[in-house]
Amino acid sequence: MQLLLGLLWLLVPGSAALEPISMSIAIGAASVLTGYLSYPSFYCGFVECCPGEADRPNTTALKEDLDNKLFGQHLAKDVILKAVTGFRNNPNPKKPLALSLHGWGGTGKNFVSQFIAKSIHKAGQTSKFVHLFIATLHFPHDHQITLYKDQLQTWIRGNVSACARSVFIFDEMDKLHPGLIDAIKPFLDYYEQIDGVSYRRAIFIFLSNAGGDLINKVALDFWRSGKDRKQIQLKDLEPVLSVAVFNNKNSGFWHSSLIDRNLIDYFVPFLPLEYKHLKMCIRAEIESGGKKINEAIVDEVAKEMTFFPKDEKIYSDKGCKLVQQKLLYYWERL
């Protein structure tokens, strides 16, 4: 208020000789302006704010992103939408939401983490409340695990203190040093508060290629038995997936207390993509670039990809990962 009055004093002509009634008007104007600036909806129109209790997740946008930008992943679509919506609509969650997404590269795990972040924070991954950790970038040296554990705890504690609805994404979990992720176990547990801070409204997302071979085998077995991939259910994969990741020495979850204590809410499998799904990715990439779809070019790009198994050639071995790069060669023809 004093600052605003000072500004008014300098800006109003002849302010040194203001009459009492003029000064009263100035004070009233300053009071109104102060009120507007302190009103959350006004302030948050200019600065990103942490979502409050009244702010609901944008489930419509999340559903649209999952329906229109994620292909061949009926299990992930169903689990993610229900998990995120249910968690955000729960007025009193007992623990943070922890999702572990598994599958080969290019199947959509990173996409989904972005969709979730955007449904909670409008700015998505560019939000100051969304935090991405990449194993090989942020935790490269195995001899510094103790230091990394301390830094990780400090980072999470500080950010959740600033925003209870923080989102943390851990990429390349299969490259993370075993034991490091256990440093965040207290934050994922059923504690009401830790040192005065509640972590129950935060979201933790783990992305990993670990377990991808197992997921691919289940999908291939279904295909060879003549079953539609949409017949695969979460119960066909989730239990064996959690055990496989827990026992995988090349996984950041190897013998992790997060799995042992059942602190991961969902292990979400991402199925390998078939030729038809690859073409869907290509079409979506063309449209996102503002071009008209040319089916001949869609076919050409799809045929440049490599597939497995060697004999049947059913699944893209890199998913949709190389679509954007491959399309650059054909861009002028679109």
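Each position is counted from 1, following the chain as shown.
Even glycines carry a Cβ here, placed using N, Cα and C.
TrEMBL annotations: computationally assigned, not manually curated.
Annotated features in TrEMBL:
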- Gly103, Trp104, Gly105, Gly106, Thr107, Gly108, Lys109, Asn110: ATP binding site (BINDING)
- 273-330: domain 'Torsin-1A C-terminal' (DOMAIN)
- 1-17: signal peptide (SIGNAL)
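Known features from TrEMBL, placed on the structure.
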residue: Gly103; record: ATP binding site; Cβ contacts under 8 Å, 6 or more apart: Lys109, Asn209, Gly211, Gly212, Ile215, Pro269, Phe270, Leu271, Pro272
residue: Trp104; record: ATP binding site; Cβ contacts under 8 Å, 6 or more apart: Asn209, Gly212, Ile215, Asn216, Phe270, Pro272, Asp317, Lys318, Gly319
residue: Gly105; record: ATP binding site; Cβ contacts under 8 Å, 6 or more apart: Asn209, Lys318, Gly319, Lys321
residue: Gly106; record: ATP binding site; Cβ contacts under 8 Å, 6 or more apart: Leu273, Ser316, Lys318, Gly319, Cys320, Lys321, Leu322
residue: Thr107; record: ATP binding site; Cβ contacts under 8 Å, 6 or more apart: Gly72, Gln73, Phe270, Leu271, Pro272, Leu273, Gly319, Cys320
residue: Gly108; record: ATP binding site; Cβ contacts under 8 Å, 6 or more apart: Leu70, Phe71, Gln73, Ala76, Phe270, Gly319, Cys320
residue: Asn110; record: ATP binding site; Cβ contacts under 8 Å, 6 or more apart: Asp171, Leu207
* **Neighbours of Gly103, Trp104, Gly105, Gly106, Thr107, Gly108, Lys109, Asn110 excl. site residues, C-beta within 8 Å of centre, ATP** => Asn209, Phe270, Gly319, Lys321
* Asked: How do the residues of the domain 'Torsin-1A C-terminal' (273-330) split into helix, strand and coil according to DSSP?
  -> 30 helix, 5 strand, 23 coil
